[in-house]
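Trainee: Encoded as structure tokens, here's the structure I'll be asking about.
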Amino acid sequence: MGRNGANHSIQTVSEYEPIGEDEERTPLLPQGVQTRGSSFMSSAFNLMNAIMGSGILGLSYAMANTGTVGFSILLLMVASLAAYSIHLLLLLCDKTGINSYEALGEKALNRPGKILVACTILIQNIGAMSSYLFILKTELPAAIIGFMRSDSETSGKWFENGVTLLILVTVIIVLPLALLPKIGFLGYTSSIAFLFMLFFTVVVVVKKWSIPCPLPINSTLSLSLNTSECTAQLFVISSKSAYAVPTMAFSFLCHTAVFPIYCELHRPTKRRMQRATNVSIFLSFVVYLISALFGYLTFYSHVGSELLLAYNTYLPRDILVMSVRLAILLAVLLTVPLIHFPARKAVLMLCRGEREFSWLSHTLSCFFILTLVLLLAIFVPDIKNVFGVVGSTTSTCLLFVYPGMFFLRISSEPIRSFNSVGAVFLLVIGLVVGVLSLSVIIVSWVQGP
């Protein structure tokens, strides 16, 4: 089978002989034209880039509403469930020879399953890309202006216009990266994005000792006398705790990128891909935990849902804070081409099926998707709210529901086996998280700003 394009063909299941569970070093993908694939580290960086996004800014707020120990337990559970759900998907690849999420849906639920998964991936990734571009449109001008000495230097400048900046970065940076035929090429930009996230974490740790506790109550830096505010809570249970669960539940969602990355992995075996997944999830877990912990220990109960805004309040025009703000925006920007790849693959699979790679189809679908998300980011002012409902549903399906359901439908393991019980558990968790996420969003809408 040729693997020289974005739209990988799928081997006929009847022709595939599954490998035994004790032969995890045997290549999972069908043998065909041999080209060197992506390195292990490149694949791991791509997965980490797919995992980490702007959501890292809200994890300190989640810790404030669940407690340090409660947050750590929940984060560990979510990371473990994400790794396990990917394990089930790779196990199905082992058993069937299928190498795409859409094809697993077709195997489990026939053609409606394929369409369902492809549409879910499209909605999820288009929503994520639109939200990321919307963040860039609103935050990038302020991040650039922050480096200027005075407001008079920026008055009337072109970079004050968020739409202009958004179009420029999309055409100059996102489009060339999105046009690349292989997701493995994005390993370099993904490593840069991960370094930006590390930089953010280091700054959060360092700035812990730059802001006094109790926090200043006004611009003259007079201190609040309530020293009890400087005590970390181990466990917190309140109505706001429900808001933290969805944020954490989706913090390890990378499942739409797993299959494209796996298809291009050099010497693709289940063990090798699972190792790449485990490394990515572990490093993301460490970055999440450290940044959330020190962000919380800096502001305690006063931490907001967007961590960097709190630093702007107490450390105005701090060069490190301004730099890390720009770094996070650049990391978000470099994530867009990566999550564009599975969306384009889903479009091509819906429109062209399993035909050979075509540069014309590849380019047209790329322009179509980027134009769509750009228009959504520019002209839909509440795009994050619109995709909040849909995104919570699609994320739940991709992270929990589909892996569990597909395993139960495709696998021949007894229902009482460990993996079957785990698949049922994923289904239940998916339903609970999905209902909770929708409830939180609806309550937020009812209560208003």
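Quick reminder: no glycine exception, Cβ is built from N, Cα and C everywhere.
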Trainee: If you pull up Swiss-Prot, which of C230, C254 shows a disulphide to C213?
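Mentor: Out of the candidates C230, C254, the one Swiss-Prot links to C213 is C230.
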Trainee: Where, among 73-93, 165-185, 242-262, 363-383, 423-443, do we find the most CB pairs under 8 A to the transmembrane segment (319-339)?
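Mentor: Between the candidates 73-93, 165-185, 242-262, 363-383, 423-443, the best contact partner of the transmembrane segment (319-339) is 165-185.
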Trainee: With the transmembrane segment (186-206) as the reference, find which of 73-93, 115-135, 279-299, 363-383 contributes the most Cβ pairs under 8 Å.
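Mentor: It is 279-299, which has the most Cβ pairs under 8 Å.
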Trainee: Give the residue from the disulfide-bonded residues C213, C230 that has the most other Cβ atoms within 10 Å of its Cβ, counting over every protein chain displayed.
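Mentor: Answer by Cβ density within 10 Å: C213.
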Trainee: Any chance the transmembrane segment (279-299) and the transmembrane segment (44-64) have 3 or more Cβ pairs under 8 A, given the pairs are 6 or more apart in sequence?
Mentor: yes
Trainee: Among the recorded stretches 44-64, 73-93, 165-185, 363-383, 423-443, which has the greatest number of Cβ pairs closer than 8 Å to the transmembrane segment (242-262)?
Mentor: 44-64
